[in-house]
Amino acid sequence: MYDPARDSWEERDGDEARSLRGRLASDQPHAGFSSSEQIYGASGENNNTTDLQHPGPDPKTTASAKVLYAESPPAQSTTQTPPSISTHVQSPVNPAAQEASNTQSLTSAAQNQSNKSTTTMDNTSGSATPKPRADPSDKSNRPDQVASPTDQNGSQGDKKRKVPAEENASEKSQPTPDRPVSKRKRMEERHQKLRKRGRTPPSAYSRRDADETASAADRNGPTYRSTSPLPPPRSPTPEDQPRQRKRPGGGARMGLVDRETLRRRQEERERAQVEEAMRASQGRGLADVVRQHYNAVPQRGREWRKTESKIKGLRSFNNWIKSTLIQKFSPDEEFLARFNGTKDWAEDGGVPPVEEKRLLVIDLGCGKGGDLLKWQLAPQPVDLYVGLDPAEVSIVQARERYNGMKSGRGNRGRRNPIFHAEFQPKDCFGEWLGDVDIVQQVGIDPNVGPGGSVMSSRWGGGGFDVVASMFTIHYAFESEEKARQMLRNVAGCLKKGGRFLGVCPNSDVISARVSEINAKKKERQSQAKKEKTDEAPEDGEVEEDDGKVEWGNQIYRVRFPVTTPEDGIFRPPFGWKYSYFMEEAVEEVPEYVVPWEAFRALTEDYNLELQYRKPFLDIWRDEKDDPELGPLSERMGVRDRATGELLMTEEEKEAASFYHAFCFYKV
């Protein structure tokens with residue numbers, strides 16, 4: 001019996017007997033009238049019109065209708081009543097003709113149903129444990145059974161679930177009392193049977209739970225790792241040769257070597273460390289010496305340099321030479337073409353227009369900032385000045401001088417607004433300038449020089465208009481690497497058409513002095529062999545028996561600690577060190593010869609073309625009558641206003657002849 005409230009089938013006592021009687025009754029098409037009343041009664045709950053139109057059908061017709069209604073498939077209809085009954089009720093034809101046609105159709109359907117029931121009984125009787133099958137038509141004979149209502153499509157609820165023949169056979173083999181009472185228990189039993197037959201793939205949640213269970217089992221229970229094969233048994237160590245136990249490391253093997261070998265190895269390691277330290281110190285030794293020297297130079301004011309200095313004439317002359325270089329070569333070609341032949345920029349009241357292009361200048365070896373005022377008086381205004389120097393104390397003093405210029409102190413002769421300046425300690429020849437922040441912002445080309453790209457050599461370049469190096473490049477010729485690093489920094493900072501201005505010792509003067517002294521020394525040695533007497537050296541020359549060369553006067557002195565070439569040609573061009581002394585300025589600082597031809601050949605590798613080169617005294621003779629530079633020399637105390645003579649002693653002139661100035665263009 002189907003209970004809609006519990007959604008289950010319940011069997012009562014005597015159901016099997018009634019099922020058997022139903023099967024026997026199905027063999028007889030005209031069993032009785034009571035089943036017909038139940039069918040019409042069940043349908044009458046949903047359709048009252050049927051009961052009114054058929055108050056009492058005959059037994060033959062109702063029995064056939066019962067069999068047809070139970071076994072025929074559901075018809076597709078949108079009504080809630082069985083299609084066959086509703087059609088029979090609502091037909092408007094003659095009742096006598098309709099009754100005859102219904103009787104014929106129901107009789108044929110009853111005969112087909114009787115054949116099917118007979119076949120079913122034969123198949124069931126052949127099983128090992130026969131069990132009578134309950135006929136669906138017999139459900140109408142039960143007084144407490146209510147016909148299952150049809151769904152919207154006309155199908156009945158008892159026809160929804162179909163059980164295969166194998167499951168029916170297995171269920172029939174089980175005893176009736178052990179069968180689950182509810183549908184839920186039967187479904188669980190069925191699922192258990194299906195799980196025994198074949199395992200379905202687990203869901204994601206089951207795999208997750210299985211992983212957690214497995215991890216817990218790994219922690220708490222025995223592991224299921226495969227057993228690895230056992231290692232082969234080791235042969236026992238002979239007792240007469242026990243293994244000697246030692247600490248790990250090289251120290252454990254020291255006992256195997258004699259003490260003399262260990263001492264010799266230790267000495268070799270110490271000697272190698274000393275040599276490496278010497279090589280490292282040689283690379284930075286000169287820069288350290290120069291840095292310490294210039295940091296120790298005391299700061300003297302302008303008044304002392306003009307009154308008490310012993311070399312005040314030489315100081316003024318050197319400053320005038322640097323001003324001449326800045327005035328002649330710092331402006332670009334456009335600026336010079338605009339004022340060509342007019343020298344309007346020389347007038348104090350001639351302020352350049354506001355839209356005029358301003359210069360970007362970097363000074364390699366700026367020292368204490370002694371050239372700041374010279375750049376402030378440049379014909380083309382300066383927008384940015386970057387000062388680099390290896391001496392930290394000099395950088396501090398240069399920054400203080402610049403701050404004094406900004407505040408109004410020392411603005412003598414200034415006709416342009418003060419430029420922006422930045423200072424930073426830096427080894428300009430031994431290190432790459434690309435790591436300086438302000439240089440990176442302005443621009444520096446790392447691809448200049450040999451090995452650079454062709455496009456960089458033609459179109460590349462830095463962002464500075466002028467690179468200045470006053471009295472400094474001779475420190476770079478300690479080695480070829482330093483010299484090339486210096487030129488790489490210069491060429492990398494310069495833009496196309498930029499100028500490289502500088503002042504350095506004149507190698508022609510050094511070569512002439514060295515060859516002259518060596519010739520006199522050789523002549524004296526030849527005369528000494530004849531007379532066996534030594535002649536006193538001439539004035540200004542000092543000769544030593546060990547072959548060293550030295551010359552100078554009371555103001556300056558040059559001394560070579562090594563043997564110099566007899567002809568005065570320095571080969572190779574790098575590493576020819578000498579000591580230079582300048583009164584009140586330089587105290588025996590090591591410097592290096594800058595062979596000019598070798599230097600010019602190196603500059604060609606970095607796209608630097610020589611534009612100007614002259615000794616100091618030649619520059620004076622050429623520019624002393626210039627309308628701008630001539631009066632400037634008088635204001636700087638280089639020339640006497642009354643006589644026009646150069647205000648320097650002969651010793652100062654000799655010291656000034658040791659230098660020359662140059663200018664290269666970036667092409």
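Don't overthink the numbers, they just go from 1 along the chain as shown.
Placed from the backbone N, Cα and C atoms, the Cβ positions cover glycine too.
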Inset, instruction - Determine which of K322, K328, K520, K521 appears in Swiss-Prot for the same S-adenosyl-L-methionine site as G365, D389, D427, M470, F471, T472, Y475. - result: K322
Legend entry - Nearest of the recorded positions (N318, R401, H474, Y659) to G365 (S-adenosyl-L-methionine binding site) - Cα to Cα: H474
Inset, instruction - In three-state terms from DSSP, label D427 (S-adenosyl-L-methionine binding site) for me. - result: coil
Legend entry - Predicted model, mean pLDDT over the domain 'mRNA cap 0 methyltransferase' (309-667): 87
Inset, instruction - Count up the helix, strand and coil residues in the compositional bias 'Basic and acidic residues' (256-272) according to DSSP, in that order. - result: 15 helix, 0 strand, 2 coil
Inset, instruction - Return one of helix, strand or coil for Y659 (site 'mRNA cap binding'), based on DSSP. - result: strand
Inset, instruction - Would you mind reading off the Cα separation of M470 (S-adenosyl-L-methionine binding site) from N318 (mRNA binding site), to the nearest angstrom? - result: 10
Legend entry - Listed recorded positions N319, K368, K374, R401, filtered to Cα within 10 Å of F471 (S-adenosyl-L-methionine binding site): none
Legend entry - Closest of K322, D389, D427, T472, Y475 to E591 (site 'mRNA cap binding'), Cα positions, binding-site residues only: Y475
Legend entry - recorded positions near N319 (mRNA binding site) (Cα-Cα within 10 Å), from K374, D389, R401, T472, H474, Y475: K374
